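> Pulled these features from Swiss-Prot for this protein:
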| type | residues | note |
| --- | --- | --- |
| ACT_SITE | ASP365 | active site, proton acceptor |
| BINDING | LEU248, GLY249, LYS250, GLY251, LYS252, LEU253, GLY254, ARG255, VAL256, LYS271 | ATP binding site |
| COMPBIAS | 18-29 | compositional bias 'Low complexity' |
| COMPBIAS | 59-94 | compositional bias 'Low complexity' |
| COMPBIAS | 95-104 | compositional bias 'Polar residues' |
| COMPBIAS | 105-120 | compositional bias 'Low complexity' |
| COMPBIAS | 129-155 | compositional bias 'Polar residues' |
| COMPBIAS | 185-230 | compositional bias 'Low complexity' |
| DOMAIN | 242-515 | domain 'Protein kinase' |
| REGION | 1-35 | region 'Disordered' |
| REGION | 48-235 | region 'Disordered' |
Amino acid sequence: MMLPRNSPHRTESTLAYNNNNSNNNNNNNGSSLFQRKPLAPINSEFKISKPQHIKPTTHSHTFTTPTPKTRNTATTTTNNNNRNNHQYRNPNLNTSLVFTPTKNSSSSSSSHSSSLLSSSPFVEEPENQPESNHTRATSHYRTTSTSQYKSSANKDASHSLITSSKRKTSTKQTSESTNPKRRTTTTATQNTNNNKILNPSLSSSTIRFSTVSSSTSSSTTSSSSSSHTSPKPQQQLTLDDFEFGKILGKGKLGRVYCVKHKQSGLIFALKVMSKSEIMNLKLEKSLRREIEIQSNLYHINITRLYSWFHDSINIYLLLEYSIEGELYTHLKKLKRFDNIMASNYIFQITQALIFLHQRGIIHRDLKPENIMVSLDNQLKLSDFGWSVQINQNQNQNQIHNQTQTQKTPHQKKQKQKRLTICGTLDYLPPEMIESKSHDFSVDIWALGILCYELLVGKPPFEAINRNITYEKIAKVDIKYPSNLDVDAIDLISKLVVKDPNKRLSLKEVLNHNWIIKNKPKWPKNIYK
């Protein structure tokens, strides 16, 4: 299903966190969650079913959350001995997560943490680890704004979130604003580089998560699964650990909130996704990829995924907060960018894509809506739900033929799924709409479309009819405005090429004349 560009579901970031509460914990020294520690291996099992009317208990899976370098943003700081410039990652993280069905059960608010653990429909069960150390009962006071947030993702369970007599009430309400959203495909891509096959039906098969690991930060990584015993988590997160601000955006799976960690005072973006919607849309695999890939990425132009946790209703991703919101919001306000700003933005995104491609990761959904703007016009590539990672020894030009030598019916079915269109219609390359094999060059095509949209204000193949858009893409029917810079046209024409092998490389983009001649005019606080 393709959504029209003027659909009300197109996301727009809104106002930042309410600063009235930002100074509550200024004197707090922070907790171990936000100290620089190596990422610990985690091995957990979960059970998932549709939300029940019970008091939710949250369980967390915490990655390292460093102290921010700048105000109001949770950016990464690590030991200089463990990184090279802004390209670094932890090779020790190896996570194995399992979704399995469970029977309906109930629990009371006064139950012990072990009973709460066993009654949750989405349960973590680490090996050789006491349950009391893994979770904690959520009997703390919770404001109405938190309950209001949870009920927005699942209205049927909203009454279960306000039954406690200990909870405070608040008249504070969050404001929402939406913009027309670009047409996107809704079919979940079935790409995977793991031998474990994800069955869309939770009642018939388990879903195993295996986090990507790497021996070096510069080599292409491969996906692996581990069953070793995990150490004690550094710290568990619950909704009680955060104060909620305004809504930053909303989508089909839930909303994104600006939150403040009470103990440390750090600001984050909390992405909330309804479990029922994830199961109904069969997007478990997409969520798995997003967590696997993004949690291992450490780059100045990529949004950090610090941690994730869940309760009986929702799954929560704790993300780096970008104070200026989406790039699309700024583009819509200014109509288009000049050559200086556009060239700087293309340079930053190219740096992020080079970092991803060196690690065998294809983003596959590059567009202004998935690019965040932080302080000093620093861009952050986000939303890795459509991304995929390929093995080092895999033929990168034949991603969908990972099981080409095996001919079992089940594998043939998986092969067909890998041909599914993913991403945004306006940014799809010809090889994807024609169901051909694709590789890293799909991101290069999308980079050319992004460059055109930043300079012109709209994608080159935009049309009122989906079939017309397909025809324009297949023929590469692109028209340039007369006022467009000649060097910019040259760059776009070398990126938006039908033959993937003839597209300009990312390193050549950095050295293109359009980038070189505008680079001295960029703001001095960016890439000195």
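Backbone N, Cα and C atoms are what each Cβ position is placed from, and that goes for glycine too.
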> Would you mind ranking the binding-site residues LEU248, VAL256 by how many other Cβ atoms sit within 10 Å of each Cβ and giving me the lowest?
VAL256
> Counting other CB atoms within 10 A of each CB, which of the binding-site residues LYS250, LYS252 comes out lowest?
LYS252
> Return the count of C-beta atoms lying within 10 angstroms of the C-beta of GLY254 (ATP binding site), excluding that atom itself.
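If we count other Cβ atoms within 10 Å of GLY254 (ATP binding site), we arrive at 25.
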> How far is it from LYS250 (ATP binding site) to ASP365 (active site, proton acceptor), counting Cα to Cα, in Å?
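Cα-Cα, rounded: 18 Å.
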> With every protein chain in view, how many other Cβ atoms are within 10 Å of the Cβ of ASP365 (active site, proton acceptor)?
24
> Determine, to the nearest whole angstrom, how far the Cα atom of LEU248 (ATP binding site) is from the Cα atom of the residue listed as 'active site, proton acceptor'.
20
> What is the interatomic distance between the Cα atoms of the residue listed as 'active site, proton acceptor' and GLY254 (ATP binding site), given in whole Å?
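On Cα coordinates alone, these residues lie 19 Å apart.
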> Calculate the per-residue pLDDT averaged over the domain 'Protein kinase' (242-515) and state the result as an integer.
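Mean pLDDT for the domain 'Protein kinase' (242-515): 88.
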> Give the three-state DSSP assignment (helix, strand or coil) for LYS252 (ATP binding site).
coil
